[in-house]
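Written out below as structure tokens is the structure these notes cover.
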Amino acid sequence: MSTSSVPSLTYFQGRGLGQFSRVLLSYLGIPYENITVTEISDALRATLPYGQLPIYRDGDFVLTQSSTIARYIAKKHNFMGKNLEEEFLVDQIVTAIHADIFPAFNNPVPEKLQKLYEKYFGSFEKKLQETGFLVGSSVTLADLYVYVGFDYIRFRGEAALSSELSDEKYPKIAELKKFFESNEGVAKYIKERPETKF
Amino acid sequence: MTTNKPSFSYFKVLVLGQLPRFTLNYFGTDFTDNYVESIDDEFRKTLKFGQLPLFVDSDGFRLTQTDAICKYIAAKHDFLGKSIKERAIVDETIAAVHDDVIIPGYKVGKGVEDKKVIDTIISRHFTTFENVLAENKFIAGGDNYTLADLYVFVAYHYYKHLGHSEKFQNKFPHLEALQAHFESNKGIAEYIKNRPDSGRGI
């Protein structure tokens with residue numbers, strides 16, 4: 001367990017579900033300890049509320065569930081929209097990525113996956129073309145989630161039908177990717193993260 | 001829609017629709033509850049991601065995704081916790097219930113997931129919920145009920161509905177008390193009594 005005064009995020013070395021918060025913390029310029037594990041030992045599991053990673057520690061406050069961690073950090077840094085309606089439109093997109101898209105490419109059925117990408121990323125692309133942001137009039141966690149989700153599918157390669165997500169097909173999401181990757185913290189995180197399969 | 005009443009649309013099966021339905025009924029919300037048989041092409045075009053559930057508030061604000069809907073309703077009723085940390089614990093519980101309890105339970109009920117998963121969920125998740133309630137009285141650790149308590153109640157209620165009651169016997173007194181608390185709520189009692197049977201057991 002970390003004794004550091006900065007928050008810590010514990011997850012496997014791979015990107016997986018840990019990447020959303022890693023990218024978010026990096027984007028917001030929040031110093032944190034990035035703890036990676038190769039497996040969940042019995043000793044570690046005993047400290048996890050539901051026996052799962054990622055886990056985020058902020059002082060003596062402990063939090064699990066990847067989307068919850070991201071929303072907590074975003075909420076603390078005014079990155080969840082400007083009002084109640086915006087906050088839950090952000091939430092709607094975060095949940096869509098986490099609950100509908102991510103599980104689908106773990107057991108991919110190509111035709112289903114293709115339709116899923118068209119439905120979701122098509123909707124995101126359209127919204128970005130119309131207003132420049134996924135929710136409201138500024139960048140929020142929704143934009144970051146779509147960027148990370150999009151980027152991760154492409155990283156996973158053809159097993160995740162990554163060729164469906166081309167810059168040509170989704171130019172605005174490609175711009176979103178450029179926007180986040182030009183951020184100093186995100187650029188540094190990308191440069192330093194290890195090469196992994198997942 | 002010319003009415004100013006909020007509306008909620010989902011199928012007859014409980015699964016994900018029951019969470020917003022329980023939430024709305026708990027607060028005694030006067031809303032139009034649409035039990036949808038199927039999503040035709042015309043209707044699908046109006047849905048953000050082509051999916052249900054859909055909630056339309058009285059001012060026309062539209063929201064999809066089960067948890068987003070429940071949290072939005074809860075936020076309007078100060079039912080998400082009193083601090084950013086309490087709220088995060090509520091969120092953590094919601095994610096755990098949705099992803100790791102309701103969905104696998106539904107899949108087992110549908111026959112597409114191994115039944116053994118139920119024992120793991122009961123020993124891991126329901127035991128955690130029971131221990132938290134024994135220690136704190138409320139799931140999010142504050143001084144009152146929140147959406148986290150409601151979600152845990154719905155999960156417990158749903159697993160009994162799915163036929164797993166015997167696995168709970170005498171093991172979870174605090175979850176039993178939580179169930180009794182929510183089922184004594186007038187709106188919830190009415191909903192349980194009047195909801196249609198999907199005929200599919202899920």
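One-based numbering along the chain as shown.
Even glycines carry a Cβ here, placed using N, Cα and C.
What you see is a predicted model, and the numbers here were worked out from it, not measured in a lab.
According to Swiss-Prot, A:ARG45, A:GLN52, A:LEU53, A:GLN65, A:SER66 bind glutathione; the candidate from A:TYR11, A:TYR27, A:TYR32, A:TYR72 that the record adds to this site is A:TYR11. Looking just at the domain 'GST N-terminal' (A:5-81), the mean pLDDT is 93. Residue pairs drawn from A:TYR11, A:ARG45, A:GLN52, A:LEU53, A:GLN65, A:SER66, the listed glutathione binders, are separated by up to 16 Å at the Cα level.
Cβ neighbours within 10 Å of A:GLN52 (glutathione binding site), excluding its own Cβ and spanning all shown chains: 17. Filtering of the binding-site residues A:TYR11, A:ARG45, A:LEU53, A:GLN65 by Cβ separation from chain B (threshold: under 8 Å) yields A:GLN65, ordered along the sequence. Taking all protein chains in view, 22 other C-beta atoms sit within 10 angstroms of the C-beta of A:TYR11 (glutathione binding site).
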